[in-house]
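Under the heading active site, proton acceptor, Swiss-Prot lists D310, citing sequence analysis as support. Among the features that Swiss-Prot reports, ATP binding site is placed at I197, G198, S199, G200, S201, F202, G203, D204, I205, K220. Annotation source Swiss-Prot lists compositional bias 'Polar residues' at 14-34. If you look up Swiss-Prot, you'll see 88-105 marked as compositional bias 'Low complexity'. If you look up Swiss-Prot, you'll see 191-458 marked as domain 'Protein kinase', on the strength of sequence analysis. Per Swiss-Prot, region 'Disordered' is recorded for 1-58, 86-109.
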Amino acid sequence: MATMSNDAAAAATWHNNTSTPMDTTEPATNSHNPGETAVIGGPEALLLPSGSGPEEMNRHPLLMAQAHGEHHQPRLLHNFPVIPPPIQQHQQPPLLQQAQPSQIPHPTQPQIDPTMFTQQSGFNWPPIDPNTIAALAQAQLASSHAQFVSLALTLDPTLLSHFLATQQIPPVPQPLVHKKAEMELRVGNRFRLGRKIGSGSFGDIYLGQNIQTNEEVAVKLECVKSKHPQLHIESRLYRIMLGGIGIPEIRWCGQEGDYNVMVMELLGPSLEDLFNFCQRKFSLKTVLLLADQMLSRVEFIHCRDYIHRDIKPDNFLMGLGKRGNLVYIIDFGLAKRYRDSKHQHIAYRENKNLTGTARYASINTHRGIEQSRRDDIESLGYVFMYFNRGTLPWQGLKAVTKRQKYELISEKKISTRVDDLCAGYPEAFAQYLNYCRSLGFEEQPDYGYLRNLFRTLFHRQQFCYDYVFDWNTYKFYNESLEARNNFQQAVPNQRRH
């Protein structure tokens, strides 16, 4: 047998430095198929450019770290397929990526030692002739390394068998020949997890699908290691509110791995989203249509002995399909019971931290007073004026800390007279806020009186209860306006004689 050169010895040394398998089981999204989830595997030492010799390989940061006994978590690189972990017996293999024809090495090209891949992958290959290994060691200096890696990364059994056949290596064991297996994340055994669509008070919300009925759902996840887990409390409140108009239904709740999971009815965009869509300005008709439904949702929560404590446009969503005109209320992560089963009201307390969203919080909440029904109602009033005005006077205040910003908002809110806040808008809005601020801590709001303020205004304006909101007509208005402008540019006005 011929003696190996120094470069060949260096290449063999490189094999020894990279032969230790890495722990690679971190999930990631496959860039070639965004809807699929794959498992990253294999060392970054394989991701070397074409023409890399021993010197370039030894300069690779991961190889240098491995030489010193360090291990790094691999990362998915753009446009690189992924290497599945070793396939155990009776284990369904992960999704494989098809190799391109250009990735098949030519039989006459020198190839890298397949034992490197054997060591990295954990596959049990049949014994290889030592003479063949020695001969292949010389080929490690060739520029065909990237070609081998390009093929090996795909791990397509048919193509890999073709490659090994060019080296007179026994074919791939039959258990590795298989069809593609779809990879996906599921919760509750029947809900497929998709992309992230939002965030709540204590968790992220993802789009999901019931694989049995094809119904799309919303999936809320919360880490079980959260300092103050709230999702199980929120799911219980949804069940307490079950049956109310504008209350989303729960499909499933439980724990999956390190996450608490709640699967619920999928809803449409939030009022904040629609407000932005309409250039941050709602017409009076839309505000009154929304106010009527939003008041009813809050009243229903109160009649079930709870207060919401986080009233804001983001927590009111429109329905989908036939319920597209129905306003829903969501996110009970901060909700609190204000009276017990005997209708005993909670005690009045002070020096409470602010709970909720400062922009819409009541004045008493800013003052540290325990919240009750009056505070939810007052917060609604600020939301209505936000829709009318586009902004509130206490928005955009700058401060170094969050506490300082809350203090600035509180000072500005207290110093702003209701008449000034509602100047230029129908008197019903000022009457609404003045009534809310006059309520006692345990006093029950007169929801009917408040609704009639806006219904009377609605009829006085001769609006129609057709449930046509601004966002229903905004798109068509823009399209017609654009068409008219294009027509005027194409057909200029001509002087008449």
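The backbone N, Cα and C atoms fix where each Cβ goes, glycine too.
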Quiz prompt | Whole-number Å value for how far D310 (active site, proton acceptor) lies from G203 (ATP binding site) (Cα to Cα) | solution = 15
Quiz item: Looking at Cβ-Cβ distances, which residues of the chain lie under 8 angstroms from S199 (ATP binding site) while being 6 or more apart from it?
Solution: I205
Practice problem: May I ask which residues of the same chain, at least 6 positions away in sequence, place their Cβ under 8 angstroms from the Cβ of I197 (ATP binding site)? | Solution: I205, Y206, L207, A218
Quiz item: Which entry in the list of binding-site residues, G203, I205, has its Cβ near the fewest other Cβ atoms, using 10 Å as the limit?
Solution: I205
Practice problem: Count the other Cβ atoms sitting within 10 Å of the Cβ of D310 (active site, proton acceptor), across every protein chain shown. | Solution: 22
Practice problem: Looking only at the domain 'Protein kinase' (191-458), report the model's average pLDDT. | Solution: 95
